[in-house]
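> Below is the structure I would like to discuss, written out as structure tokens.
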Amino acid sequence: MYQPFQHLDSDQVASWQSPEMLMNKSVSRESQRRKELVAGQIVTGSLLLLLIFWTLFGNILVCTAVMRFRHLRSRVTNIFIVSLAVSDLLVALLVMPWKAVAEVAGHWPFGAFCDIWVAFDIMCSTASILNLCVISVDRYWAISSPFRYERKMTQRVALLMISTAWALSVLISFIPVQLSWHKSETEDHLLSNHSTGNCDSSLNRTYAISSSLISFYIPVAIMIVTYTRIYRIAQIQIKRISTLERAAEHAQSCRSNRVDSCSRHHQTSLRTSIKKETKVLKTLSIIMGVFVCCWLPFFILNCMVPFCDRSPGHPQAGLPCVSETTFDIFVWFGWANSSLNPIIYAFNADFRKVFSSLLGCGHWCSTTPVETVNISNELISYNQDTLFHKDIVTAYVNMIPNVVDCIDDNEDAFDHMSQISQTSANNELATDSMCELDSEVDISLHKITPSMSNGIH
């Protein structure tokens with residue numbers, strides 16, 4: 001049978017519908033769109049609120065722990081951890097909430113506060129990154145020259161380093177922003193600012209590149225160099241300690257004529273050495289990986305956006321523009337680093353005990369640490385007593401009193417030492433320790449008188 005409407009497309013069929021039907025469909029689509037928008041706003045707001053509260057909680061916990069417990073407060077190096085926590089706390093207080101409200105509302109509702117907020121954003125983010133850089137330099141200095149570090153790293157020196165980082169953060173934020181040196185001079189930017197409810201933080205090319213160099217690229221280069229050298233020091237000293245452990249175990253085992261035991265000890269020590277090297281590499285990879293993954297995408301875009309072609313007839317045509325949504329996502333990725341720093345830098349053994357005391361969760365808190373984080377702070381420790389260096393030497397001499405003469409003269413394993421960490425779990429001497437040569441101390445196994453009379457020749 002012939003059907004008169006079977007060859008008509010959807011637009012032609014719609015033209016035959018009554019105005020009431022079309023209006024109802026339009027209202028239905030609009031209602032559905034609003035529901036999806038509200039649902040998206042609720043999800044976005046909830047996630048951002050959770051991120052802000054976690055950042056506040058973690059960094060307040062770090063600051064409270066150091067202020068309330070004297071043994072943490074007495075360590076000079078914890079000043080750097082507190083400074084990092086303060087900068088991250090300011091990110092959560094002065095930067096995140098205002099942007100979160102703007103994300104949910106869909107516009108900037110705070111008017112002229114935009115310029116001050118931009119200055120706070122640049123200052124707090126830069127301070128956080130520079131504090132991470134200072135911590136890496138502090139750790140490298142402590143590991144490469146521990147005795148010199150113990151003498152020269154005073155509270156005054158630490159405060160001077162921190163003050164320099166904060167002063168630089170203020171200089172590249174408030175002064176340029178208040179003098180409007182940071183703004184893009186295009187008509188698009190001038191017309192799309194506070195009057196349209198948009199806090200456009202578009203930067204001119206000169207300021208975008210110079211501020212990115214100071215805030216990120218130079219600090220990340222320093223961190224890569226320092227942590228690479230820390231890994232090399234750790235790798236060398238793990239092998240040296242493993243050599244001494246094998247010699248000591250060989251002497252003790254062969255003293256009882258246990259040949260099979262000698263071979264087993266050698267294989268076990270070699271596996272332990274490889275395991276410890278892997279731990280150090282994993283630790284440093286986490287520290288650098290988290291930092292780079294959070295901040296690198298933003299700073300790449302930050303340098304790209306000023307060179308964008310914003311309109312077809314733009315006089316400074318260049319790269320295609322990045323969408324505002326994409327840019328905002330990577331901005332939040334950078335700020336999220338402030339929520340991860342307390343986990344990475346403060347969750348070592350000492351801090352975990354204090355946190356469990358503050359939170360009142362006792363045994364449950366102390367038995368649920370993140371293992372990788374624990375490794376990161378105990379392998380790269382810089383709060384230990386330098387007397388432990390001498391203890392290691394004495395212990396090894398007691399274990400292998402006269403076997404020292406059998407060691408090749410070219411291998412002065414403990415001419416000068418530096419400690420990276422100290423084990424306490426099973427009393428294995430220097431199992432998780434790493435040593436580094438230091439020109440200020442002359443400790444040689446050949447120069448120490450054996451303390452046991454029944455040594456093996």
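Counting starts with 1 at the first residue shown.
Cβ coordinates come from backbone N, Cα and C, glycine included.
Source: prediction; values computed, not measured.
What Swiss-Prot records for this protein is below:
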DISULFID  CYS114-CYS199  disulfide bond
CARBOHYD  ASN24  N-linked glycosylation site
LIPID     CYS361  S-palmitoyl cysteine
TOPO_DOM  1-41  topological domain 'Extracellular'
TOPO_DOM  68-78  topological domain 'Cytoplasmic'
TOPO_DOM  106-114  topological domain 'Extracellular'
TOPO_DOM  138-156  topological domain 'Cytoplasmic'
TOPO_DOM  182-205  topological domain 'Extracellular'
TOPO_DOM  232-282  topological domain 'Cytoplasmic'
TOPO_DOM  310-326  topological domain 'Extracellular'
TOPO_DOM  352-457  topological domain 'Cytoplasmic'
TRANSMEM  42-67  transmembrane segment
TRANSMEM  79-105  transmembrane segment
TRANSMEM  115-137  transmembrane segment
TRANSMEM  157-181  transmembrane segment
TRANSMEM  206-231  transmembrane segment
TRANSMEM  283-309  transmembrane segment
TRANSMEM  327-351  transmembrane segment
> Cβ pairs under 8 Å with the transmembrane segment (327-351): which stretch of 42-67, 157-181, 206-231 has the most?
42-67
> Taking contact to mean three or more C-beta pairs under 8 angstroms, with sequence separation of 6 or more, is the transmembrane segment (206-231) in contact with the transmembrane segment (115-137)?
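Since 3 or more Cβ pairs under 8 Å link them, the transmembrane segment (206-231) and the transmembrane segment (115-137) do come into contact.
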> On a count of neighbouring CB atoms within 10 A, which of the recorded positions CYS114, CYS199, CYS361 is highest?
CYS199
> Can you tell me the CA-to-CA distance separating CYS199 (disulfide bond) and CYS361 (S-palmitoyl cysteine), as a whole number of Å?
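Pair distance, Cα basis, whole Å: 43 Å.
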> From the Cα of the residue listed as 'S-palmitoyl cysteine' across to the Cα of CYS114 (disulfide bond), what is the distance in angstrom?
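Answer for this pair: 42 Å between alpha carbons.
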> Determine the mean pLDDT over the topological domain 'Extracellular' (310-326), rounding to the nearest whole number.
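Mean pLDDT for the topological domain 'Extracellular' (310-326): 64.
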> What are the helix, strand and coil residue counts for the topological domain 'Cytoplasmic' (138-156) according to DSSP?
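So the counts come to 16 helix, 0 strand, 3 coil.
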